[in-house]
Each structure stands twice: as C-alpha cells, then as structure tokens.
Ligand SMILES: Nc1ncnc2c1ncn2[C@@H]1O[C@H](COP(=O)(O)OP(=O)(O)OP(=O)(O)O)[C@@H](O)[C@H]1O
Ligand SMILES: [Mg+2]
C-alpha cells in the first residue's frame, strides 16, 4: 500500500493510443474520406495530371493563409484583416509594376515591387499587433476595423491612380525575371516529367500535358515546414503556445507575450502578401476585390485543422490537412459537374460545426474536464 | 547579524484609487523561512507580485544585498534570484510538465531548437528530488493533481537558481499528506542555508512548524514583525487575526 506512488496511477499508453490522441487525427480522417470520395465521384478526374495541379493550386492558397491564421489563433488572437491585406498587397504590387514606384523612384521590378509591398504589409501587421497589445482591445474588433480600412484604401488607391478598380494585361514578368518566376511560375516539373516518362500525363495529342505545379505549392510547403518546426520544436513555439494558453502565467515566467503577438500579426500579414504575390505574378492581373472573405476561410480551415478558438492548442500539420480538405471540396464542382457549387458552403459550415465540437472535447480532456 | 538578501523599504502599491500596499517594510535572510501572514485581501499577494516584477511599485525601494534595484519585468526579478510560486502557480494547463518546467528559460541549441530529451530528464529528476516520482513528463498540467502542480512549480523555482523562494499559500489546496510534503520541501530548502524562503499561509500551525521570522500584514500595512523567539505564541495568533483578540473572536462566534 505505502509503496504505491503517484506515477503508478498513470497507465502507459500504447503507440496506437498516442496516435489517436494527436490533435491532427480528426482532420486527417476527414481528409482521407474526402480524398477517397472525390476520387470515386469524379471518376478519378480530380487526381489526373491537370486535376492534381488545379486542386493543389487552391489548396496551397488556402494553406498559406490558414497557417498564418492558425499560428495567431494558437497565441489567442484573430486576424480578420487577412483578406483585405491580400487585396491591398496585390493592388500595391500590380500598381507599382504598371505605374512605377512611388515617390518618383522610377520603374518597378518584380523584386522591388514585392519587397516594398512587403515592408508596407509587415508595417501594417506590426501596427495592428501593437494596437491590440497596447490597448488590450479584442483583436476581433481591431482587425475588423482594418478589414474595412484596408479594403477601402485599396479601392480608393485604384480609382485615384489607376482610374479603374482592376489591372489586367501587365506584361508577363515571369519571362524576364527569375524573381517573378519563383512566385508565379511553375515548380516541381520533375514530378510531371517522371509521370510522363512512366507513360501518363498525356494530352489528347499524346504530348506531355502538364509541366509543373504552381509556385505557390512550393511556398505553401516552405511556410508549413518552417511553421511546423517553429511551433513544435523551438523556444519561440513554446512561447506561442504559452501565450495562447494562459498569458498571465506565460508573462510571469518571463515570456515576452506582447512581442510574440505582434510578431504573429506580422506573420499573418506576410502570409497574405505571399498569397497576393503568387496570384499577381501568376495571372499578371489584380483587382480591388481580391482576397475577399479569405480571412474567414483561413479561420475556418484553422478550426477544421484542430486549432482551439480559445488559443493554446493546435497543430500546423492538422491545419494543412484542413486546407487539403477544404480546397478539394471547393474545387469539387469542376470535377463533378452535376453538383451545385453552393454545396461547398453547406459542407464547410457542417464540418466547421463538427470540428468546433470535436475540439471542445479535446480541450476538456487535456484540461482534465472529462 | 547577517545582512538581509532582500530588503524592502516603504513599499507603496496603488491600483488606481485603491491602496493595496501602504508603505511596507520587509527583510529576508538567507537560510531562513520568513512567514508572511495576514487576512484575505491584506496585500500579501500584491507584495510578492511586486517583488517578482509583475507589478511596479508606486513608490518605495527594493534592495538586493544592499543595492537598490528596479524590476521592470518578471525576467528582471528572476535574474536577480527571485523565484516565485504563485497562488495560481503560473502554469499553462494545456502544456506538458516539461514545457511548463522550462517556460521562458528553455534549453535550446541552434535556431532556438528545444533540447527536449534533456529537458524531460531534468524535469523528472528535479521533481523526484523534492518528492514526486513523475513518470510521464509529457503529460499536460491540466490533468495533474494540486499537489503535483505545487511540486512542479517549486522544483522549477529552485532549479532556476532562486536565492529568494516565494511561496504564496503553497499548502492551501492540498490534502494533509501533501501539505506535510510541501513543508518538508520548505525545510529541505532552508537547510541548504543559501536560500531565503518567503512563505505565505493562513495556517498558523504550518507557519509555526517552519518559520524563523514573521511579518504580519493587515489592510496593506505591517502590524507586527519579528523572529520566532521574540514573538509570544498568543501574539502570533492575535496578529494573524489582523490584530483582534482571539478571545473576542471566540466570543463573537459564541454570540451568533
Ligand atoms: N490588479 C489589481 N487591481 C486592483 N486591485 C487589486 C489588484 N490586485 C489586488 N487588488 C486588491 O488588493 C487587495 C490585496 O489583494 P491581495 O491579493 O494582495 O490579498 P492577499 O493578502 O493575497 O489575500 P488572500 O489571502 O486572499 O490571497 C485586495 O483588496 C484586492 O482586491
Ligand atoms: Mg493572495
């Protein structure tokens, strides 16, 4: 009796039990179900050479901004300005490329347009974060203000400088600039070359059909990889989780929670800028409505991926699974023409609700509530 | 007489119009347990939060080994050797034992990478030293018992080189056996001789068992202080009740 100790009371879990308790398990299972269902329902068209490329294009778009939104949510804050930030960044880059750099600095190159825009968006991210941590106001309301503010500024700038709220027919900078090419060009061509060499990836005339993925696929992988590493394995990651879990406890232990939060608002601004840059250099166009509603998709995907609304818990890999799920369903209408595209929103609403309940259960379990 | 490691002079802390601390003096010596006693709302937690850098004093001065210091953040205070175990323990519920143990002071290699295995080992060993064999350092704190959390917080403060260990009601939420465990831990820390312990409690017996020196707070002010020898037993009881005579209180009770 007396030689029993506290540690005897905790049963060692098997590997399998550990696996099914991982935060990304729910979104993983949903993703597998969707992949299989879509493959059969589309008669495998969704995963032929072109289908795969198109699906991954939208998955990567969602994935880039959802990663930023999830990291910020884990730290306990929201960013509703992501969509407007995308519009603003796209406008800024396209406008510089068409009308030249501001302050009479001459012609813009893709690189100068990108970095000047990035400086502005990171600055706005810093400003939003600073307002949130200094005022103690809810980030929901502060970023909602920036949602309107930046969308308005984007439209006004377009009208004043460009006389129209869209820019199309920019020259194809990918042909002359390696920098534009790594943002808007093709990547992982070897994948499709091998596919072709193995006898697939053929168009109707028997030539190679698709020659690579959109570059945003690579950027998504990079952003997910870096974010996953930072969140799980580094001091900064520990601080981000601690900030969202109990910020007073984190502060008392010397975690610089304000700097962590401001940094993450800058990270979501960075993700929005990458989203916009890939779009501008891919299509050579921009318009004032770009990125509309994207902040809500980003948050929804973060939640579907297992991120807690209350902060302190979530998985970058789970969010990647969420992006795959939502991206595939968003695109499903192109592969299954008989369904109405609006079902996508019905589906998203339903899994969002299911995910919120599932996440709440997880939270109760790890806080000892059940 | 030895010099105090930590000394506080005329410390005032106001929250807006409310004076939580109205000019408090305090001296703590290495190798001693200093009991800080007082009724609910007397200002004990506020005092130690000021010492720990969580609050900035409105006026007054803190000295470490005779030198005036200003703590702008908990980091400053912990760098000066002040290790605090808060009433709410400052633990992150959703995070693991190890991550909490090293919170804010993570062991890292290049690129800020965490040395997770090493950290797991240290967290386990340090908790074992003060009496809890904790098999799974990856368990989340949310699922631990009150006593285990207390042990974690104390082990953490000691490991990170606290010269002043501040314990805010470490026994209040515990069962009898675990309370004694914490008192034993306090005695072990005292025996090292180099650490000063500030021990906040509402339990007279607990303070009698381990304290060498007392300070009594009431309504934000010191109403009595001294070594164990210099204070008579009744005096301690009287001061703990905020200066009221125990007999009067007993009488009041009887009248209800
Ligand atoms: N951040 C704050 N803002 C305003 N008032 C505060 C704040 N913190 C504490 N107080 C007030 O200061 C007074 C002292 O509180 P404190 O927590 O220091 O008491 P305590 O002696 O620790 O009591 P207990 O024994 O119940 O823990 C209380 O009246 C409390 O309401
Ligand atoms: Mg208190």
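One is the number of the first residue shown, and numbering goes on along the chain from there.
Quick reminder: no glycine exception, Cβ is built from N, Cα and C everywhere.
What TrEMBL records for this protein:
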type	residues	note
TRANSMEM	A:25-44	transmembrane segment
TRANSMEM	A:56-76	transmembrane segment
TRANSMEM	A:139-158	transmembrane segment
TRANSMEM	A:178-198	transmembrane segment
TRANSMEM	A:218-241	transmembrane segment
TRANSMEM	A:262-281	transmembrane segment
TRANSMEM	A:293-309	transmembrane segment
TRANSMEM	A:316-336	transmembrane segment
TRANSMEM	A:342-358	transmembrane segment
Proximity of the transmembrane segment (A:218-241) to the transmembrane segment (A:342-358), 3+ C-beta pairs under 8 angstroms: no
So are the transmembrane segment (A:25-44) and the transmembrane segment (A:178-198) touching or not, going by 3+ C-beta pairs under 8 A with a sequence gap of 6 or more? no
So which residues does the transmembrane segment (A:262-281) touch in its own chain, when a touch means Cβ under 8 Å and the partner is 6 or more beyond its ends? 60-61, 64-65, 67-69, 71-72, 75, 77, 79, 82-83, 85-90, 93-94, 97, 110, 114, 117-118, 121-122, 124-126, 128-130, 132-133, 139, 173-174, 180-181, 183-185, 214-216, 219, 223, 240, 290-291, 294
How about the transmembrane segment (A:342-358) and the transmembrane segment (A:178-198): do they have 3 or more C-beta pairs under 8 A, pairs 6 or more apart in sequence? no
